[in-house]
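Engineer: If you scroll down you'll find the structure; I have some questions about it.
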Amino acid sequence: MAEYDHYEDDGFLNSFNDSSQEEHQDFLQFRKVFLPCMYLVVFVCGLVGNSLVLVISIFYHKLQSLTDVFLVNLPLADLVFVCTLPFWTYAGIHEWIFGQVMCKTLLGVYTINFYTSMLILTCITVDRFIVVVKATKAYNQQAKRMTWGKVICLLIWVISLLVSLPQIIYGNVFNLDKLICGYHDEEISTVVLATQMTLGFFLPLLAMIVCYSVIIKTLLHAGGFQKHRSLKIIFLVMAVFLLTQTPFNLVKLIRSTRWEYYAMTSFHYTIIVTEAIAYLRACLNPVLYAFVSLKFRKNFWKLVKDIGCLPYLGVSHQWKSSEDNSKTFSASHNVEATSMFQL
């Protein structure tokens, strides 16, 4: 993203970087190829996956639980997030040509939707904890929880806007050999950066560790058809979050405390690679939080059938069989599926 672009430009970086000119040119060439390619992959996969989740959630799936409310807001945030990537892709290959207003706007949109996504993931984690550990209470208060869920989602968007204000205020277009959209980190206090990292990484991580630990303990003491599948999904969710988000946030933490690392070309490689890996969450969220659901996959095949693609895919018979199996499964495992599916 443009947050780091001006630190990787020739004129700015060479003013304090003691690495050789050749190394720096190699880095710039790598960055010019690597970031646009990664942005394009995330954009295409994120656009398709999150659009599917939104369409199915709105037109094929009734909002029957608090998780359903979150699963409408999560793909919306990720979808808007990935839609900013083509602008950063073009700017990475060429330069920023979209003006100062668009620079501030896209920095704001990018950041708002990033933190909205992470906070919603936190809420989904807590909701899963309540549904599994406090199943009876959660079921009895379903209507009340739905109302609170909508209020919580609204608050999340507002909080994300407030946390993103520094990027919007300090975002600007700089002329450093070429036009760059970004901001000077010196103008953003350590307190603000710490707040952003807390909401964007440490809070979701803490929620996952605490809630999933209790959920795992509960599942291990319970029997049932889906116990092992639910445990696998939990470990997968945790592993994906840690592998994609930890490296980039660790780099951001180092960046905020040890500025001398900017003198190392290798540190800049680390920044752009870990950043690209962190963005993969926008592609993986639809799989981890939607397509693992049997009901969601069933609605997906309904969508495919409605748009007339089913005969061309040659899966009409399989879809019919899957639908019958879904009905059988729902009839025999209704209570269990209600609580476990959301894992």
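Glycine too: its Cβ is placed from the backbone N, Cα and C atoms.
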Engineer: Going by Swiss-Prot, tell me which one of Cys83, Cys103, Cys123 is disulfide-bonded to Cys181.
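Structural biologist: Among Cys83, Cys103, Cys123, the record in Swiss-Prot lists Cys103 as the disulfide partner of Cys181.
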Engineer: Kindly tell me whether the record in Swiss-Prot places Val133 on the same side of the membrane as Ala222.
Structural biologist: yes
Engineer: I'd like to know the mean pLDDT over the topological domain 'Cytoplasmic' (127-144).
Structural biologist: 83
Engineer: So for Cys181 (disulfide bond), how many other CB atoms are inside 10 Å of its CB?
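Structural biologist: If we count other Cβ atoms within 10 Å of Cys181 (disulfide bond), we arrive at 27.
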Engineer: Does the transmembrane segment (105-126) make contact with the transmembrane segment (277-294) through 3 or more Cβ pairs under 8 Å, each pair 6 or more apart in sequence?
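Structural biologist: The transmembrane segment (277-294) and the transmembrane segment (105-126): touching, yes.
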Engineer: Give the nonlocal contacts of the transmembrane segment (145-165) in its own chain as ranges (CB under 8 Å, at least six residues past its ends).
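Structural biologist: Same-chain contacts beyond the ends: 63, 65-66, 69-70, 73, 107-108, 111-116, 119-120, 123, 127, 138, 195-196, 199.
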Engineer: For the transmembrane segment (189-216), what are the same-chain contacts with Cβ under 8 Å, counting residues 6+ beyond its ends?
Structural biologist: 114-115, 118-119, 121-122, 125-126, 128-129, 132-133, 159-160, 163, 166, 231, 234, 237-238, 241-242, 245-246, 249, 252-253, 256, 343
